[in-house]
């Protein structure tokens, strides 16, 4: 047998069926659900009268748009969440987990938190598992040697209904980091350095495996930070082979295999997962750890990185014209001048949190810097723990007192200012030192300016009020800021995170899902008086795509992220429709007046009637998993997008909505752009897989996977197609229960495709049972 990579072992072991064109149906072991990308998926289940196949393998929480203000007076979601649209999503999730019988960590539960923090925390994340969530940073879980990736809402529905996904095999990329890290360099610096090296499209079509002595020396929390940002490098997922550090982290957690025979069986399997000697990788990148400096972003893409000791780059030094234009645009947005030393850049806010850096080790690192120091005058700083249990542990260790004494706002768990879907946002023009994962335009608030960095560096910035080399605040730098001579020693009594965990219990029994009926209103719809005609339909197929002829709008831009396609404020919907007016909001509308900008192409005739979008740059649709981006294009009328390359999740989201992503060469796109700029119609023929110029003289061929092509041409519902393979899925599940029984949830009966539920749940903390509504 040929040697295999870690990725290949996991993928092959989860294969249920493979089509002739290489489209694979793989089984999903773990599904994390949150309030933003799930409403339409549950609605689709209702409309098709489908249930959740594996409630025992599904875990739900609220995190993206919840307030992080104090919950001391919390009574219920309806009274606590003030923003109407956020409240609607949160209450809709509460309604759905009740109806479908899912384990749910709500706002009064200490276990609530960011999905990618609570999964590992509870032992829900395990080596060798396939893990998905309607969030692009699901790659975080790859730190455990799991194949974890983000999916769109249509795929969320697919997993809920079938516990499987349709996937194509990815390429293998190995990034090997060896040597000892320099002082002040952390895992966040490692991943920012990697993204700066390969670019935000460098990993497109790949799964990255991180290896080398540097990676092996890292803690699990540090490894999670690296895998978390694999999506920022364009990769489908990021993986680190499990080892003794992994096993020790997992052992004893509520949803991990229990000590004894179950643990020994799982451990023996996990030890077979690392890549075989001689396994082949499509791309190999080697990095010397000593070449990685404390790193910070300067622009509006995660690839816009520089050493904290460096300067803002000059577009004159860009490698090509497109890059020079991108740098110029980024400098204008960020309000920076080329050549400015990074440490001369003044900041307005500091945010320590997010699924990248809101774990207990991150908080300890920041507290070590802040201990005995004060936040600079005029600066607002906030610390948002990644979960209620992280918050509880930090308070037990006295970290909250250190942050508050320094002048930080100590918050409750949630995604917070990472994407600003809740009230935690930057005002226009405000500059933030942030431990989050994306610095896109408007990511933390319209007009906000984000610099990504490690928790320790963010804490150092809080002390000085400027972007700051952390080594000047703590460490051995000769240019040290302040003095440690009069400061008391930083001493905390480090506690064991596992001591804050509680026993897990089975998922609750579902209520009467069928009573909702196809197209019926949920209780939340009735509460908001939403007309039945406004509830979107799903699960019933899509419009056929054969040949499309129409106006093509030219978009001359590279690395168009999903935040730019549709900003976060429009994600607070429980519908799939009505988003066309939000498409390219930051580009289509004047930021001050809100009026349409006549300079933007879609506001001009005939492009306001465009059916096709021609993008001149690569990596269109990079960033988050929000299917709202595809929905907004469709609602506007655009059914085909032509570009050099696409973000992997976005490309999938298009096809799930009857839209076609077309990959052509740069030269071919330049030719089509000529027709587009002239307002001429072009043709996209999926049947013959051709794009035809306006005069009909030039035809450019493209490739679409045959199964995807078949579904698009015939307007097929791929969930219904997958359910035709129910017998194969059931056989896979029975085999899974035999060979990897630790992946089955409590009380699962292999021949029933449903959880067997206990009559009563075991009491947990704060009188909270298995699920908190």
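Keep in mind that glycine also has a Cβ here, set from the backbone N, Cα and C atoms.
The [4Fe-4S] cluster site in Swiss-Prot is built from 415, 418 plus one of 227, 355, 381, 461, namely 355. If you count neighbouring Cβ atoms within 10 Å for each of the binding-site residues 355, 415, 418, the highest count belongs to 415. Taking the mean position of the Cβ atoms of 355, 415, 418 as the [4Fe-4S] cluster site, the remaining residues of that chain whose Cβ falls within 8 Å of it are 63, 64, 114, 116, 137, 353, 354, 356, 358, 414, 416, 419, 436, 437.
Under the DSSP three-state reduction, residue 355 ([4Fe-4S] cluster binding site) is assigned to coil, being neither helix nor strand.
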